[in-house]
Amino acid sequence: MTHEEHHATKTLGIGKAIAVLTSGGDAQGMNAAVRAVVRVGIFTGARVFFVHEGYQGLVDGGDHIKEATWESVSMMLQLGGTVIGSARCKDFREREGRLRAAYNLVKRGITNLCVIGGDGSLTGADTFRSEWSDLLSDLQKAGKITDEEATKSSYLNIVGLVGSIDNDFCGTDMTIGTDSALHRIIEIVDAITTTAQSHQRTIVLEVMGRHCGYLALVTSLSCGADWVFIPECPPDDDWEEHLCRRLSETRTRGSRLNIIIVAEGAIDKNGKPITSEDIKNLVVKRLGYDTRVTVLGHVQRGGTPSAFDRILGSRMGVEAVMALLEGTPDTPACVVSLSGNQAVRLPLMECVQVTKDVTKAMDEKKFDEALKLRGRSFMNNWEVYKLLAHVRPPVSKSGSHTVAVMNVGAPAAGMNAAVRSTVRIGLIQGNRVLVVHDGFEGLAKGQIEEAGWSYVGGWTGQGGSKLGTKRTLPKKSFEQISANITKFNIQGLVIIGGFEAYTGGLELMEGRKQFDELCIPFVVIPATVSNNVPGSDFSVGADTALNTICTTCDRIKQSAAGTKRRVFIIETMGGYCGHLATMAGLAAGADAAYIFGEPFTIRDLQANVEHLVQKMKTTVKRGLVLRNEKCNENYTTDFIFNLYSEEGKGIFDSRKNVLGHMQQGGSPTPFDRNFATKMGAKAMNWMSGKIKESYRNGRIFANTPDSGCVLGMRKRALVFQPVAELKDQTDFEHRIPKEQWWLKLRPILKILAKYEIDLDTSDHAHLEHITRKRSGEAAV
């Protein structure tokens, strides 16, 4: 990219005006998006306006449309809801209302509109855009606007960001607010679980989702529910019988509680609603269990946005500004959305159409079609739920294989969820599943036992590692490990852990030359707070650590805001990998994040101090600086603290916090529970296939490179990659992958902190078309 192109982003918005509004139901993370739109808009030289109270503010004009400043979006990131207000607006549905809205925009020279809301809000925006030229000619005829004003505002650019806790919009994997809503639900499920266990109760939990069962489905995966009712997949006609049998089976196996999750729009095959009360009455009447209903309601919309939603909102906000300013009269109104971890632009009306098609398919009782249209991610969730909740392990173990599961490295939240789904999917497939305590050390010492179905009951929501985990590598103990593989007849190995799990995998590959016993398939599931395992964009546990850091940063910022003129320097974990520091910097609104992956000098430190000196002259008199623990051996946390203290004398004072091992603890977030559960299921499916493939002459012999893999999330898919092939992509000295996708997000962090830098637009989203899944097509 040339310097001219770089420079173009800083002048892209000169002479242009952008209005941002939030409409429809509020969602956590909307404020992060508003903040990003305002700051990136100002960065490009554009004027940015808040439209208060959604479309109603657009119609009413006056003080509802105000110009935004850099400081006016400060301290917004950690707030739930929408600071600029939202309202359901009848006026905008009428042409007269849209005419007044057009007049208000033209008078202010605004030709770019960023709408953050659900499908109704975005459809309204598209209607507005398609009528724009007719509305202008009506205003001209009425003499309300001049010919010059009409020419200047000849076309309207519209970009939508989907803010909806239901995740009911087709074309995007996650809508802004969904992850935070899941946080609220899971907090409540965890709290209710303890009281239900004490009294041996059945809990019926109703969550939001009139036409979309995403929240209910992911909640059931994240808490190991016994049953879920969602509108897209109504239960079979004899569901009452099946449900009661399932609940009593769970109790017989020693469980003290049952959890049933119901989406508010749940229906049966004939379209008749299934209510929480119906389910409660059924369980009480047929089984006599003490059953309680909890309807969550608007709690789900409330509270602090999760780290995921803050980062999603910020990334989408940046993309929205770029899409608006690059727009021409010929570009269609688009939605900025997320696919895997990639930002994409999709034509707004294509997405709205597919979203309507889902509702239509459900109305016509074509439920398979509705499920396909929901997309790949939804279908994967449904398949894993069905396996874990509805398929029973076979009674006979004849012809079964033996698979061992272990944790390696440091503890990470979500490890237990991965172990649970690996064990249970293994049992469902008719295998014997062994669990190994204390990693490779335990494998060498024979700390191995067989796991049954209830062995891993209730593990999904528990943090840390219940099996015990060690950083020990296998090389020194190959003889003992080989002996135990033979003794316990282990035919496959699932290794859940961090960089040591990956390195251990490489050592096992090498050891195959000497020890035939090591020629068994193995798969590594990345699980570490550092997110530094080659072959995967995400690791189990990183999201939980990120949320822990965010919560702490919010509290520290609050303290600094009260004290005034104070800068906090916070040290995060991650070894040499700067993922936690960078992402927490984005999510908590840090002024700087020092990491090993982006070398810095004393001049950079001085520039940051000078930047904070300037910041103290504004209304925002506080600073937050993050430092990755191994970003530089000489510029330590103490050094940076001392430098800031000296240079800031008389202007600001400094404090330091080393967060330490609290980042490894805590209950796993919904993202980590769900991600770990799906990874475990996928790993075990692969393992069963590989064992069958490698079975020759009555024994397993696997010595091909593809029989030892890392299962990783790469851009938009879960893929198995041979560990040997990942060797070249690894910096072993610093225990990090050579290429890390999140480094591309660092310029956004700097721009949002008001640094004058170049923004490389080469990696921005381009317009794509929505891929539609029809009946009969396989989910990837």
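Positions of Cβ are set from backbone N, Cα and C atoms, glycine also.
Listed features, source Swiss-Prot:
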- 2-390: region 'N-terminal catalytic PFK domain 1' (REGION)
- THR2: N-acetylthreonine (MOD_RES)
- ASP119: Mg(2+) binding site (BINDING)
- SER133: phosphoserine (MOD_RES)
- SER164, ILE165, ASP166, ARG201, MET208, GLY209, ARG210, GLU264, ARG292, HIS298, VAL299, GLN300, ARG301: substrate binding site (BINDING)
- ASP166: active site, proton acceptor (ACT_SITE)
- SER377: phosphoserine (MOD_RES)
- 391-401: region 'Interdomain linker' (REGION)
- 402-780: region 'C-terminal regulatory PFK domain 2' (REGION)
- SER530: O-linked glycosylation site (CARBOHYD)
- LYS557: N6-(2-hydroxyisobutyryl)lysine (MOD_RES)
- SER667: phosphoserine (MOD_RES)
- SER775: phosphoserine (MOD_RES)
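All features noted in Swiss-Prot, drawn onto the structure.
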{"residue": "SER164", "record": "substrate binding site", "Cβ neighbours (10 Å)": "26"}
{"residue": "ASP166", "record": "substrate binding site", "Cβ neighbours (10 Å)": "26"}
{"residue": "MET208", "record": "substrate binding site", "Cβ neighbours (10 Å)": "24"}
{"residue": "ARG292", "record": "substrate binding site", "Cβ neighbours (10 Å)": "16"}
{"residue": "VAL299", "record": "substrate binding site", "Cβ neighbours (10 Å)": "15"}
{"residue": "ARG301", "record": "substrate binding site", "Cβ neighbours (10 Å)": "19"}
{"residue": "SER377", "record": "phosphoserine", "Cβ neighbours (10 Å)": "20"}
{"residue": "SER530", "record": "O-linked glycosylation site", "Cβ neighbours (10 Å)": "29"}
{"residue": "LYS557", "record": "N6-(2-hydroxyisobutyryl)lysine", "Cβ neighbours (10 Å)": "21"}
{"residue": "SER667", "record": "phosphoserine", "Cβ neighbours (10 Å)": "16"}
Given the recorded positions ASP119, SER133, SER377, SER530, LYS557, state which is nearest to ARG301 (substrate binding site) when distance is taken between Cα atoms.
ASP119
Students should find that the Cβ of the residue listed as 'Mg(2+) binding site' has, within 10 Å, a number of other Cβ atoms equal to 24
Closest of the recorded positions to MET208 (substrate binding site), Cα to Cα, picking from ASP119, SER377, SER530, LYS557, SER667?
ASP119
Could you tell me the C-alpha distance between VAL299 (substrate binding site) and SER667 (phosphoserine) in angstrom, no decimals?
20
What kind of secondary structure is SER377 (phosphoserine) part of, going by DSSP in three states?
helix
Coarse DSSP state, helix versus strand versus coil, of SER133 (phosphoserine):
helix
Rounded to the nearest angstrom, how far is the Cα of the residue listed as 'N6-(2-hydroxyisobutyryl)lysine' from the Cα of SER667 (phosphoserine)?
24
SER164 (substrate binding site) to ASP119 (Mg(2+) binding site): how many Å between their Cα atoms?
9
With Cβ-Cβ distance below 8 Å and at least 6 positions apart along the chain, what are the contacts of SER133 (phosphoserine)? List them in sequence order.
SER154, TYR155
Model confidence over the region 'N-terminal catalytic PFK domain 1' (2-390), averaged pLDDT:
93
In whole Å, how far is LYS557 (N6-(2-hydroxyisobutyryl)lysine) from SER377 (phosphoserine) when you measure between their Cα atoms?
36
If you measure ASP166 (substrate binding site) to the residue listed as 'N6-(2-hydroxyisobutyryl)lysine' at Cα, how many Å is it?
30
Would you count the other C-beta atoms found within 10 angstroms of the C-beta of ARG210 (substrate binding site) for me?
13
Quick one: of the recorded positions ARG210, ARG292, SER530, LYS557, which has its CA closest to the CA of the residue listed as 'Mg(2+) binding site'?
ARG210
Cα within 10 Å of LYS557 (N6-(2-hydroxyisobutyryl)lysine) - qualifying recorded positions among ARG210, ARG292, SER530:
none
